[in-house]
């Protein structure tokens, strides 16, 4: 009977219109993604060396469309197919007849199961087929590699087929076992929760395996398995079913098979099967009378009729609370509320900032965390209960009784609407209570209930729109499950489509919120609150309009077809309803028109493609200006007025510009902020000499003037400018945060300059080719003398004199680089004058807010921290970091050039700190609100580290600055990283560095997998963060270990003395590396080549280890191996001979004092063979040993560098082109 039932399920399944609709949706989505990724649409273009039809690329598409939030859509679809495979016989009371036929339990059970499983596979295959068809557009381009059927079918098998089997089996088993789809929906939520938790846990570098195992979709296992694949490997390799991915697939397939097996075993082939339920009925349930009353029948029938508006309003609220009870008393609501509570408690332990440091549970961070989690659970509750409330009467067969009642359609619909709103408010209150409890549990008592209320009210409109839309869909669609699908479509599918097509209009993006800023303690919700409420009003009005449309087709009575319901509604849809409908329509159009006026008229909205084309026009039209020699800014004197409450500012400034060239200059290019937004008003931009304006393009911010008398070499001329910035209305997506109500922060990039700006050109070579432009290198060649005439920060100045007068609101403090000369208040405004006493780079910032100030000193240097009240948590750590940094840097590199150091907090609209001359703007998010545990040496002290890094920039950038060529950021960022590392090591000790370097190594190895053009060696880095920050940390720390800290510091000091405050041509990395080579012994010259000049990686591993006690000492035998590789720019590696000095160590047990184990032996030994065996004698019992134990060398698998003596190391598979060497080399050390 299996064959017959299996065939029947397939035939009936394929005949269903819903099956073909689901397949078509996935097919269309696949085609769209394929076309978008291969450049079929007129969207912006980015560089990439990755092909779109590699095995890994296809696997990422598949898992991305099956896990995370997509599980909701996929889950609804799978539940409608797999969960109803057997349950439908009970739903239609067909089981009694079916079980009288001569069919077997096995044939029936598995025939239904596998028939519906194959239908589900067919539906999901639409995505793969669509993607294949869509990517054919890219044939003949670098975006598409050779077409391999295996690249498509293998990921489809291990992810699509496996995930469909896992989810389908679980849904099938749960529904068959419990006779209710409720259990399947709940488990769908649990699976998604596991996926979310995996994402949280994965942020901790030590929990990767756990995160990969608990993710049911294999997404994180795939990420971990391929986390360090280079672009070459991503294009070339087939995704292997091995390691953590294999364990993940086996685990979840086993769980699915076990659940199906148990269900089959428990399944009884008869019509009287009682479903399993966790919620047992009470004894005697159903025996009591349905209704008991002391009133007589005459009294009961004597109903007082009242159809007044007051009575209808009372009826509406009574019914809304009745609907609320029907929601909150259900097991589904209780379980969801419980799961949400558990999830919130769990993820509150993963409130992480940089380097896995925990955030302090301040109220706005807790409210934000709760809201992020609540949005998902509210989506589930709203979608589920909107369908249940609409279909409840029909499913309980009382819809006809309701239909003949005197309750109006309006009250029937809007009572459900209000019931769902009350449900949202209850969940918000629950999240608030949970958050407060978590804060108290964590010992945080500065709780601000008003912030919770603000967050609740701010996000309530989003849920109101979602409620209205969900009810509308369920009211007009005569199928609850298909209604679920249609509700989720614009929430899940449309954003994916909009993202690929780069459509970003807030008028058509469902339930959009307009431009938003994250909440900040300094500035609240900021200036976007008004635009947010306006946009939400538009969507609420549209939702109300749709609900009134739904009134016309409300399913009241036996008629279910749309057309007949519409005809019947005409009699009840009165003139007042029609008037209200028209009013809502006009209000929606009017609000939409107001939004359009703000986002398209007052503030022109440019798509990414339009911005691309403007960059192309800029280059084609003005590139010739680059050849004109220009004077240099030598002095800046500014008067800036900030108006925080109005979000505006104005500036009147004077530059002195000097001809530093050997020839006269007769034409000058004046550069000023482009006026694409139309918010700038320019009143002056001129030179204090006779000039003629040849042309002025305000759109791009360029003006070419001809001097009546050429500017002679060595001569200077004054340049005056004056303009105002005043925003108008609100924009579609962008939010200007330069000047805000509290926490303004902008830099000299907003001020005028000189010359053609190469930064405004199109930088992506793929896009340049599309527009007929020549390829553009990321940075000029390291030895390009012309490029070295500019430093990498500024192309129109070298070192300048600087002073400014800045004013702000009376309750704020305005800050700029320099020393405060004067402060006064007049006409309700505060004025400050700052002046630098020495030349600085043409790179400075302005800040303003209502600050508290904490002061300290280091020798004769004043230390000040300007901060938001309530953010005092880490001020002492920042001050200590400044003091220790100044002490270390002055001793090892040279004197500090200023008399003060100031840290100034700014809102979390950006998450960085930035070093300007003696002034360090510092985001509230990365240091002020980071929790530091001084008693846990394995945790990284983020505020201490970030502060030290920024102080180091006062030497490495503000004294030594490289030319605008390859490698220039190495001297700024890499040297600052090393400087901060040394301060941290002296503060916390060497063992504390291991975790920091592990994060740096991980970030570097991950970063190279996303390289869009070419990975460069460190000395040729082209502003690639993963190289100059992360690789730079590892390389410099290892170099310090090879040369010695004092030696390396002396080289850096010598280099600084040779190049500080240098005029053009500026220094480059070649000069530093050459100096380094001179100071490095011949035996270590290879280290310079490996670390700076090439891309070198290692595979260090433990092959075998053992120890035995001899007397009071321990004899340790350790066999280790090392393979060395050189990689090209795309990550294709080749093995090279190893002859390197590498640490080999033996360690004792881990403890609070020694979190990585006490060092018993640590020696640098030359590995001149692929494998070597060593013998050590130690005085304490060892616990682990290995090679390069502190992971100082770049190693894609540093976990096997050390191993515990209590188990045998796993065999290491080296790269395919590796050549094995003989082990037989034994060295005895340390008798």
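Placement of Cβ uses the backbone N, Cα and C atoms for every residue, glycine included.
TrEMBL lists 1199-1220 with the feature compositional bias 'Basic and acidic residues'.
According to TrEMBL, the feature compositional bias 'Polar residues' maps to 1221-1231.
Look at TrEMBL and you will find 882-1085 tagged as domain 'Peptidase M1 membrane alanine aminopeptidase'.
Residues or ranges marked as region 'Disordered' by TrEMBL: 1199-1231.
What TrEMBL records for 21-41 (among others) is transmembrane segment.
Sequence annotations record features per position, and here TrEMBL assigns transmembrane segment to 61-81 (among others).
Per TrEMBL, the feature transmembrane segment maps to 113-133 (among others). Counting only same-chain residues 6+ beyond the ends of the transmembrane segment (113-133), those with a CB under 8 A from a CB of the stretch are 5-10, 13-14, 19, 22-34, 53, 58, 61-62, 65-66, 74, 77-78, 81-82, 85, 152, 156, 160-161, 164-165, 168-169, 172, 260.
Per TrEMBL, the feature transmembrane segment maps to 153-175 (among others).
As annotated by TrEMBL, transmembrane segment applies to 182-202 (among others).
Annotation source TrEMBL lists transmembrane segment at 250-267 (among others). Cβ atoms under 8 Å from those of the transmembrane segment (250-267) belong to residues 105, 109-110, 113, 162, 165-167, 169-170, 172-174, 176-177, 213, 216, 218, 273 of the same chain, restricted to positions at least 6 beyond its ends.
Residues annotated as transmembrane segment in TrEMBL: 373-391 (among others).
Positions annotated as transmembrane segment by TrEMBL: 417-440 (among others).
Per TrEMBL, the feature transmembrane segment maps to 460-477 (among others). Under 8 Å from some Cβ of the transmembrane segment (460-477) lie the Cβ atoms of residues 375, 378-379, 382-383, 386-387, 389-391, 413, 416-417, 420-421, 424-425, 428, 483, 486-487, 490-491, 510-511, 513, 533, 536, 539-540, 543-544, 546-547, 549-550, 553-555, 562, all in the same chain and six or more residues away from its ends.
As annotated by TrEMBL, transmembrane segment applies to 484-501 (among others).
Here TrEMBL flags 538-557 (among others) as transmembrane segment.
TrEMBL lists 578-597 (among others) with the feature transmembrane segment.
For the transmembrane segment (578-597), the list of distant contacts is 506-507, 514, 534-535, 537-538, 541-542, 544-545, 548-549, 729: same-chain residues at least six beyond its ends, Cβ to Cβ under 8 Å. Sequence-distant contacts of the transmembrane segment (153-175) (same chain, at least 6 residues past either end, Cβ-Cβ under 8 Å): 55, 58-59, 62-63, 66-67, 71, 74-75, 78-79, 81-87, 113, 116-117, 120-121, 124-125, 127-128, 181, 183-184, 187-188, 191, 216-218, 222, 238-239, 241, 245, 249, 252-253, 255-257, 259-260, 262-263. Residues 316-317, 319-324, 326-328, 333, 337, 340-341, 344-345, 348, 361, 363, 366-367, 369-371, 373-374, 377-378, 381-382, 385-386, 389, 447, 449, 452, 456, 459-460, 463-464, 467-468, 470-471, 547 of the same chain sit 6 or more residues outside the transmembrane segment (417-440) yet have a Cβ under 8 Å from a Cβ within it.
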